[in-house]
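**Student:** Before we start, here is the structure in question, set down as structure tokens.
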């Protein structure tokens with residue numbers, strides 16, 4: 001065991017050695033010091049104000065300012081997205097503005113954009129109203145012309161009772177006579193005459209609208225409608241809808257009030273149309289002129305707005321990064337405490353031992369750049385808390401470390417499973433994937449991502465592409481192992497090839513095209529690498545390949561489980577925990593290898609000897625009838641060892657830990 005203890009330390013095998021440190025920073029240099037430490041990324045601060053709410057902390061106002069600037073930046077991003085402007089490549093980060101200057105600049109841009117949006121919205125609403133008025137004029141004129149012609153033709157056919165003043169009182173006549181009778185009745189009693197209201201309404205509401213008008217006027221109205229030639233934008237909802245132009249003929253001021261209220265309730269826009277034909281033509285010319293002017297004004301406003309958004313878009317990534325950095329700095333400063341003089345901030349944290357010189361250099365630069373007369377004090381502390389876990393990774397190992405951390409993060413100085421996952425994860429994927437044709441396709445994709453990693457790393461990718469780019473080296477190893485396993489399985493898009501020579505088997509006669517392996521004659525040495533292509537197409541293909549892959553999976557799975565248990569042993573040795581060795585490692589090894597290790601050994605023996613023994617039968621009757629064949633004493637010993645290992649593994653360790661805990665509390 002001394003040989004293992006004297007081995008040199010490996011950075012990847014275990015997490016970095018960490019040390020607790022304390023920093024005493026003058027207020028004038030604290031912000032820049034935290035900024036430089038954040039760029040370094042090798043110091044984890046502890047929250048010394050955990051008992052305070054976020055609103056009770058020192059730099060809460062600065063955090064609110066950063067949050068407000070983040071809101072403005074999200075507003076700019078949303079406006080750029082709505083305008084359909086293309087995103088440019090992310091520019092390099094340049095801190096040429098301080099936070100206060102950036103805050104003023106963002107406020108000016110926001111005010112300008114809001115003002116342009118409001119003006120554009122008002123112009124757009126006016127344009128849509130003019131467009132609706134144009135359509136109403138085009139459609140309503142026809143209704144008015146036909147109504148006048150119809151009235152003139154029917155005037156001579158009115159009954160004489162219409163003209164009599166003795167039978168009907170004027171007050172009752174407006175309620176009982178028809179619209180046409182009231183229009184054609186001469187004399188002073190026809191003071192109101194036949195009136196109309198024109199407007200436009202959504203096609204989906206027109207049926208209920210007409211029904212409501214009929215009920216409100218007791219049928220004493222005439223409703224004419226005509227569809228618009230195209231969909232238009234509603235001035236209120238700003239949605240593209242199909243609309244109907246309507247003209248409602250009625251009589252009486254009371255009916256007019258009811259109809260206008262119904263129009264308002266149904267969202268129908270009413271527009272006045274003059275009865276005189278000359279005035280109608282004059283109004284149409286004015287509407288067309290107004291529409292032309294509004295189009296020119298709207299186009300100019302859109303160009304001006306797009307120019308403003310383009311200038312913002314080119315700086316948006318830089319501003320976003322700057323605000324995020326500043327907010328992270330003030331969030332970190334809120335974790336620090338003031339000393340008794342209120343002139344220095346005191347912080348505590350953890351850092352890797354190797355990073356102390358780099359941290360001291362960053363603190364010296366912060367003191368120099370901030371023109372502080374007092375330096376930053378940085379010294380180590382002795383604490384009893386468990387240090388955090390930190391692994392040094394690079395662009396190749398970071399993806400594998402993230403995969404392992406997704407299942408659980410190793411405790412401080414524990415063996416790092418990511419070292420072994422670099423090989424085991426892509427290889428076990430390839431055992432399942434196993435096709436060198438698909439593996440080549442996957443390899444080409446991985447090589448493309450790696451060849452363009454510098455360009456893709458500086459661009460903003462989608463969530464899916466971001467995931468693929470982050471795992472580009474994982475895909476590379478997966479593709480290489482897939483090609484290897486595919487050559488073993490002899491599968492190229494599920495088609496076998498005679499890559500390494502001819503098959504070792506040959507049909508005994510011409511009738512063995514569908515024969516099993518018994519119908520083949522071995523005429524030459526075994527196929528040099530992988531599965532013999534003669535298996536493909538035979539009736540024994542599926543049982544043979546399934547048996548091969550299943551047995552390979554058992555061997556690889558048992559090997560990986562043994563690796564995990566052995567890593568647990570090295571952890572126990574490192575932490576000098578004899579309890580974990582004797583009551584965890586030993587019974588786990590006995591239980592695993594007494595059953596599944598024995599099965600793996602039988603698989604290898606069967607492959608080497610060509611035995612026809614049924615391993616299912618062997619393993620099942622090892623449990624069901626262990627004493628039936630006393631000659632096979634090995635199975636009895638292994639079964640007994642597995643049964644003993646279960647209580648050995650489950651019961652002693654919890655009771656011993658409870659006993660130690662009781663002794664410590666006493």
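Using the three backbone atoms N, Cα and C, a Cβ is placed for every residue, glycine included.
Whatever TrEMBL says is automated annotation, not expert-curated.
Sharing the feature lines straight out of TrEMBL:
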COILED    99-133  coiled coil
TRANSMEM  427-450  transmembrane segment
TRANSMEM  471-489  transmembrane segment
TRANSMEM  552-570  transmembrane segment
TRANSMEM  590-613  transmembrane segment
TRANSMEM  633-651  transmembrane segment
**Student:** Are there 3 or more C-beta pairs under 8 Å linking the transmembrane segment (427-450) with the transmembrane segment (471-489), counting only pairs at least 6 apart in sequence?
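**Tutor:** The answer is yes, given that the two segments have at least 3 Cβ pairs within the 8 Å cut-off.
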**Student:** Are there residues at least 6 beyond the ends of the coiled coil (99-133) whose Cβ is under 8 Å from a Cβ of it, and what are they?
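**Tutor:** For the coiled coil (99-133), the list is 62, 65-66, 69, 72-73, 75-76, 79, 200, 232-235, 238, 243, 269, 271, 287, 290-291, 294-295, 297-298, 301-302, 304-305, 308-309, 312, 319, 322-323, 326.
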**Student:** Please indicate, using numbers and ranges, the residues of the same chain that are 6 or more beyond the transmembrane segment (427-450) and have a C-beta under 8 Å from a C-beta there.
**Tutor:** 456, 468-469, 472-473, 475-476, 478-489, 491-495, 549, 552-553, 556, 560
